[in-house]
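Colleague: Mind looking over this structure? Questions follow.
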Amino acid sequence: MSRIQYVDQVDQVELDQQQQPGSSSTVSGSTPPLQISPHGSPSLQQSQRLGKHLSKSASELNGHDCHLSESPHISPKRAKSAVAQQLAGVSSGGVASGVGVLQKTHGFFNNLRHRWSRAKSKDRLGRKSPSDFLEESTDYAADYSSEGSSVTHSPRHRSTTIGGSPLAREFRATAKMAQVIQRFGGSMEGRIDEHPENGSAGCSPPELSTQQQLEALQANELRRKREAQLRQFVFFQLRVHLKSGSDLVAMDKNGLSDPYVKFKVGGRLLHKSRTIHRDLNPVWDEVFIVPIEDPFQPIIVKVFDYDWGLQDDFMGSAKLDLTQLELGKAEDIHLQLCDSSGNGGSGLGEILINLTLWPRSQEDKEMHFQRNSKLAESSKRLKSQIWSSVVTILLVKAKDLPLAEDGSKLNDTHFKFRLGNEKYKSKSSWTERWLEQFDLHLFDEDQNLEIALWNRNTLYGKAIIDLSVFQRENTHGIWKPLEDCPGEVHLMLTISGTTALETISDLKAFKEDPREAQLLRERYKFLRCLQNLRDVGHLTVKVFGATGLAAADIGGKSDPFCVLELGNARLQTQTEYKTLTPNWNKIFTFNVKDITQVLEITVFDEDRDHRVEFLGKLVIPLLRIKSGVKRWYTLKDKNLCVRAKGNSPQIQLELTVVWSEIRAVCRALQPKEEKLIQQEAKFKRQLFLRNVNRLKEIIMDILDAARYVQSCFEWESPVRSSIAFVFWIVACVYGDLETVPLVLLLIILKNWLVRLITGTTDAAAHYDYEYDEDDDDDKEKEEKKSIKERLQAIQEVSQTVQNTIGYLASLGESTINTFNFSVPELTWLAVVLLLGAILVLHFVPLRWLLLFWGLMKFSRRLLRPNTIPNNELLDFLSRVPDNEEINQYRELPPSAPTDQTRNNPKKKLKGS
C-alpha cells in the first residue's frame, strides 16, 4: 500500500470528523474568523488558507486532497476556481472592496453547502472505510457455507473478495499496510511524520496520532486472527478458577461485607459462588466448568453483598472478553470492578480469576447436551455417569506441620481437598491424625487433586497430586510434602469404579492367560517361600451381579454399586442405575498380606451429594474361600446377623486365592495390621446387654470348671474323684514344664474328636441360623415389653456390672495396701509368710509341693469333713481394707463449739 493512499484515508476520516456538528473543524465554524487588515482587506496568510479550502471541489472531498511529494503517483494539479483567483489577486495587490469580501463569503458558504450535501449522500450510500470494515463484528454462527470455508469465503464477505469492487481494493490496501507495519515496526511512523507536507501544506492534523493509528491497526489485525481461529470450532468449555477478591467495598455497618460472585451470559446464570462472611479480601478458591457456544458473547461478572432477609447489595461488575484468551492456556486475570453506570475505580476493588478456554468438537457438543438434557434416553441408565472413575481417599495423618506464631502447635488444623468441581473438608484435629475416608469423582478433563492445609481461616500450605500417573484398581500409600510450608500428609489413595469397557477390571474385556496363572502359582511355591515374606498371597475376585436387592428410591428401584475391602485396600464397581438386579461384571485383584484377613463386600445405593444407603453386606474369611467356584452368597444386614432387606438378596461371586503357607505362618506371628477406618461405636442398650451376656457366659464357664474341680475334691462322684486323684499324683511325679502344652493339646484333641464324631463341619453357619431365629424372637419380645420392664432389665445388668467392677477394684486396692503398711500387723504377717515360702521353695521341689497340696485337698473331705472349703490367699486379702474402708476408718479430730460456729457462717449470722 502506498503512503499517498494511507494519507488519503486519514484525510477521509478527518473530513468525516469535520462534517459532524460540534467538532473542531474549519467547516463547522471553528476556523478563526477572517481578520481584516488595516487597509480593509484580509491578510495574505488568511487569503491563502481560504483559497486552499475553496479550491477543493466536491469531487475532491472523496479522498485525495493531500499529496506527498515522495509518492510515485503524483496527482495532476487542479485548476484554481474563480474565487480563488480573485482572492489571490486581492492578496497580491493588498486592496479589496467590501463588496468583494461579501461575494467571496457568499461563494464560500455556497461551496460549503454543496460539500455538506455530497457528504450526506455518501453517508446514505453506506460506504465504509477499511477501519470501519475491520471494526465490524459478525455473528459467530452466521456463516456456514461449508465445513472447511474460512471467514472470507462466507457470503457476508464477498464484497471484500471481488476483485473489482472498491471495498476489495480498500481491504487489500489495508492488509498490505498491516504487513508493512508488522515488517518495519516503528520506522514507518517516523517516515510519515517527517514528511514536509504533514501539517504544513494545508492538511489539518488528525485527532489521533500516527502511533495510535498504527497500534489500532495492529490490534485489529490480531483480533481478526483470533476471531478466525475461534470460528474454526463450534463448541468450547471454559474452566473458571475463582480465586479471590481484594479491596472490595464495605456494604455493612460494621465496615465489612459478605461477598459472593455471579457469572452470567446473556441473562442466564452460569455459576454462583459461596458467600464469604465478613471479609473484604475473600478467598473463594472455587473451580467450575461451563459450556460456551458463542465465545464472542462476553461473560458478566457481578459481585453482591449478602443480606439476610433483604435484597442483596450490588458491589460491582466486570466483563470477560473470551476472544482475548489463548486456547488451552490458563491465564490469570485481574478484573477491576465498576459500578452499574460503567464507571470503574480503585475503590470498588478487583477479582482474581484463572481462565482456560478449551475447544471442543461437534461430537463433544452433542455429548454434552445429551448428558444434560432432561429428555435424553429413558433407559435403565437414565442417570448416565459423566465421571470416569471414583477416587477413594483415606486421610491418615500428617507430620512436621508448621507451628503457630507463639511456637505452639496449631489447634484447629484441617485439610481441604478439591478434584474438579467437588470438594471435601476434613474435621479439625490438633493431634495430626484424622482417619477420615471419602470419595471424589474423577473426570477426564481435570485429574489434579489439590490439597490445602488450613488452620481456621489461614492457608498454610498446598500440594497437588497428578492422578493420571497412578495405577487403577489399586490402593497406594502416599506421603506428600506440602508446598510453601514444612510438613507431609499421609494418604491412602485408590482409583476404582471405572466405567470404560476397555479397562482391565471389566470381565467382558478380560481374557485369562494360562501362562500368567502358572507364573502366579510358581511365585508362591515352597522353594520361593522365603523371598518376600510380606507377600503372603494373591486374591482374585470376580463380581458378576446381584439379585433381590431392596428398593431404595421412590420409583421402586435402586442405583446399586459394590464396595470390596481387604484390610485397608478398598475397591468398588461402577453404579448400575434404576435396577434391582445389577450386572457389574468386574474383576478385582488384591495383594494378601495376612491370610487370616476377611474380605468385606458391601452393596450401597447411590444418592445425590455423595450420600449412600446400605443394601447388604457380606464377610468372607480368606481361609474359607474355595478357589474357582462361582456361587451365590446371601447378603446380611449391618450387624451381619440376619438377612438383609429385600427379596432374598444375593450376590454372585467367584473367588480365587493363591498363598504361601510358610509366609502365612511367619506373618501370623507378627502384629496384625490395624484397620484405619472403623465404625465408631455408639452406646446402644441392646448392644450393652449383649456384651454383658457374652462376658457373663465366659465367667460362668470358668466358674463351672472350678465347680467341677471342687466336686472332685469333695468326692461327690467316687469314680471321678479316684481318677482325678490318680491323674494328679502321676502328673506331679512324672510331670514337667512340657506337661502344660500337653494338657492344652489334649483339650484341642478332645474338641476335634467331638467334631469328627458328631459330623459338624460348619458350626458357625448352624449358629447363624439359630441366632437369626433367636434375634427375631428377641425383637418380638422387645415389642411386647413395656418401658418399665426395659428399664428394669437395664438396671439389673448395670447393677451386676457395678458390683463386679467394685469387687475387682477392692481386691486390687487390698493387694496394694498389703505392701504399703496400711495395716502394719497384716503387712508383717505377709513378710513372715513370704520368708517361709522362700525357704520351702528353696529346699523342697515344686512337684512335691504340688503333690502335698493335692493330697490336702483330696483328703479334706475324709480327714476334716466339717471344714469349709476356702482359698487361703483370698482369705488373707479379704482382711486387708481397701481405700474406701480406710477412709471410713479415719477418725475426725475433735473441735470446739467456736470452731463449729466459725466453720458454719449461716449459724453465726442466725445467732447474731
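Cβ coordinates are placed from backbone N, Cα and C, and glycine is handled just like the others.
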Colleague: Among D559, D594, which residue shares the Ca(2+) 3 site with D553, D605, D607 according to Swiss-Prot?
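Modeller: Between D559, D594, Swiss-Prot records just one in the Ca(2+) 3 site with D553, D605, D607, namely D559.
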Colleague: So what's near the transmembrane segment (729-749) in sequence-distant terms, Cβ-Cβ under 8 Å and 6+ beyond its ends?
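Modeller: Residues 847-848, 850-851, 854.
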Colleague: When you scan the chain for residues with a C-beta under 8 Å from the transmembrane segment (826-846), skipping those not six or more beyond its ends, what do you find?
Modeller: 818-820, 876, 879-880
Colleague: Would you mind sorting out which of D553, D559, D605, D607 (the binding-site residues) have a C-alpha within 10 A of the one on D305 (Ca(2+) 1 binding site)?
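Modeller: Cα filter at 10 Å returns nothing.
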Colleague: Which chain neighbours of the Ca(2+) 3 site, leaving out D553, D559, D605, D607, have a Cβ atom within 8 Å of the mean position of the site's Cβ atoms?
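Modeller: For the Ca(2+) 3 site the neighbour list reads A552, K557, S558, P560, E606, V612, E613.
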Colleague: Measuring Cα to Cα, how many Å separate D605 (Ca(2+) 3 binding site) from D307 (Ca(2+) 1 binding site)?
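Modeller: Computed Cα spacing between D605 (Ca(2+) 3 binding site) and D307 (Ca(2+) 1 binding site) is 38 Å.
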Colleague: Around the Cβ of D605 (Ca(2+) 3 binding site), how many other Cβ atoms lie within 10 Å? Please give the count over every shown protein chain.
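Modeller: The answer is 20 other Cβ atoms.
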Colleague: Tell me, what is the mean pLDDT of the domain 'C2 2' (371-493)?
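Modeller: Taking every residue of the domain 'C2 2' (371-493) together, the mean pLDDT is 79.
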Colleague: In whole Å, how far is D307 (Ca(2+) 1 binding site) from D607 (Ca(2+) 3 binding site) when you measure between their Cα atoms?
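Modeller: The separation of the Cα atoms works out to 32 Å.
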Colleague: Non-local Cβ contacts of D313 (Ca(2+) 2 binding site) (under 8 Å, 6 or more apart, same chain)?
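Modeller: Listed in sequence order: M251, S257, F304, D305, D307.
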Colleague: List the residues of the same chain that sit at least 6 positions away from D252 (Ca(2+) 1 binding site) in sequence and have their Cβ under 8 Å from its Cβ, in sequence order, or write 'none'.
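Modeller: Expected: D258, R278, D305.
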Colleague: Counting every protein chain present, what is the number of Cβ atoms, excluding its own, within 10 Å of the Cβ of D559 (Ca(2+) 3 binding site)?
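Modeller: A 10 Å sphere around the Cβ of D559 (Ca(2+) 3 binding site) contains 20 other Cβ atoms.
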